[in-house]
Amino acid sequence: ISLQMMKHAWDNYKRYAWGLNELKPISKQGHSSNLFGNIQGATIVDALDTLYIMEMKEEFKEAKEWVEQNLDFNVNAEISVFEVNIRFVGGLLSAYYLSGEEIFRKKAVELGEKLLPAFNTPTGIPWALLNIKSGIGRNWPWASGGSSILAEFGTLHLEFIHLSHLSGNPVFAEKVMNIRKVLNRLDKPEGLYPNYLNPSSGQWGQHHVSIGGLGDSFYEYLLKAWLMSGKTDEEGRKMYYDAVQAIETHLIRKSSGGLTYIAEWKGGLLEHKMGHLTCFAGGMFALGADGAPSDKTGRHIELGAEIARTCHESYDRTSLKLGPEAFRFDGGVEAIATRQNEKYYILRPEVIETYMYMWRLTHDPKYRQWGWEAVEALEKYCRVDGGYSGIRDVYSSRQSHDDVQQSFFLSETLKYLYLLFSEDDLLPFEHWVFNTEAHPLPILDKDDENKEETQK
Ligand code: DMJ
């Protein structure tokens with residue numbers, strides 16, 4: 001079924017928005033988000049590996065031809081360093097490792113080089129935004145005290161290690177190792193990492209800690225850096241398990257109805273809210289369980305299972321059976337959105353991602369059942385003639401579409417669904433880690449430089 005869904009999403013993108021970043025499935029035209037400046041083709045690059053894995057050969061070929069002929073980074077564009085890294089660099093790297101086609105390696109390295117000026121700050125903590133023509137960077141105007149964002153500068157590691165590996169140029173790896181060094185020098189309140197860090201002063205901004213938006217994939221990349229190194233990156237391992245310990249102590253709580261959730265922390269006070277984005281953490285805890293220190297393996301798997309259950313409840317307690325952007329555990333509610341502007345669903349993957357990890361690691365059939373419920377809801381409420389659309393209010397049966405088919409729907413949501421219903425030997429965890437946009441990257445064993453050859 002996810003193959004049919006992918007076909008529908010792809011065919012409509014091709015028909016109405018080919019070469020543009022994303023599709024507006026209701027108005028049947030292109031959608032351009034300013035996250036990518038005027039770099040074009042986000043959906044194509046994000047979808048390459050999904051097309052490959054689903055064996056959609058014709059479509060993969062057209063996508064590759066588009067990349068060869070049209071993907072151009074010599075544009076005057078201010079881009080989000082994080083978004084371009086996870087979707088474009090990550091997408092190109094996976095396409096290269098899966099298909100062995102040189103064009104993808106070449107484009108990935110070329111784009112990586114374009115991103116390097118972002119690191120020209122006094123600390124080497126990169127800017128959030130970069131003009132890839134002038135090389136001038138800056139931060140989001142809304143970010144506390146001119147800070148860079150933890151989840152943005154902390155989500156470059158996997159791709160940059162591979163860029164050094166594939167180009168023979170150590171500069172990429174040096175840049176991301178330096179980020180670790182800066183973080184390790186700093187005092188962390190209660191062992192937690194605030195979401196804001198000023199790249200000039202090297203000081204934290206506002207003490208807001210989140211495992212959802214603004215923080216999320218920083219933690220994910222600590223664990224995956226260790227796994228991707230063939231478990232040799234001890235620093236990554238230590239930073240990850242220390243962080244999880246602090247998260248468990250200070251952020252994880254149980255509601256009176258028995259649902260485990262991860263709250264947000266603002267200068268020592270908890271906000272009892274969990275974002276859809278935070279739901280990825282169930283899969284992360286389970287993936288990291290095996291290496292957990294001092295017989296904590298069982299606890300990490302259990303945390304993964306409890307977060308999966310809570311996130312499933314957030315879906316089940318809506319009218320459309322799709323989860324809201326954020327849900328709360330206060331004012332008498334549990335796992336329900338209470339604010340109008342938190343009731344939307346934009347085709348995000350995190351809950352299905354967690355089901356996929358939990359399925360692979362436990363084989364409890366309920367995760368496939370829950371994934372199936374999500375498929376039914378997506379087909380019923382998000383599928384439209386012109387593709388798939390997000391929804392403005394998951395509690396209202398009066399349908400209101402947001403008219404955007406996000407590129408991560410093709411790269412993540414549909415890929416994780418496909419994997420959830422595939423055998424474990426498709427992209428096995430022993431050989432691959434997924435970047436935060438679900439692009440698989442091979443594990444680099446220190447003694448096995450030809451790994452990518454043997455994994456094809
Ligand atoms: C994706 O771009 C990535 O999963 C990122 O880590 C968070 N946001 C979206 C999906 O929700």
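Note that Cβ sites are derived from N, Cα and C of the backbone, with glycine treated the same way.
According to DSSP, E83 (active site, proton donor) sits within a helical segment. Other Cβ atoms within 10 Å of the Cβ of E83 (active site, proton donor) number 21 in total over all chains. According to TrEMBL, the active site, proton donor annotation covers E83 (among others).
Per TrEMBL, active site is recorded for D216 (among others). D216 (active site) falls within a helical segment according to DSSP.
Spatially close to C279 (disulfide bond) yet at least six residues away along the chain are I307, C311, S314, G323, E350, V351, E353, T354, judged by Cβ distances under 8 angstroms. The disulfide bond feature in TrEMBL is assigned to C279-C311.
As annotated by TrEMBL, active site, proton donor applies to E325 (among others). In this structure, E325 (active site, proton donor) belongs to neither helix nor strand by DSSP; it is coil.
The active site annotation in TrEMBL covers E350 (among others).
Taking Cβ-Cβ distances under 8 Å and a sequence separation of 6 or more, the neighbours of T436 (Ca(2+) binding site) in its chain are I86, G90, T155, D216, S217, E220, Y221. What TrEMBL records for T436 is Ca(2+) binding site.
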Any of the recorded positions E83, C279, C311, E325, T436 with a C-beta atom under 6 A from ligand 1? Give them in order, or none. T436
Between the Cα atoms of E83 (active site, proton donor) and E325 (active site, proton donor), what distance do you get, rounded to the nearest Å? 19
Long-range neighbours only, meaning 6 or more apart in sequence with Cβ under 8 Å: which ones does E325 (active site, proton donor) have? G275, H276, A337, E342, K343, Y344, Y345, I346
DSSP, reduced to three states, assigns C311 (disulfide bond) to helix
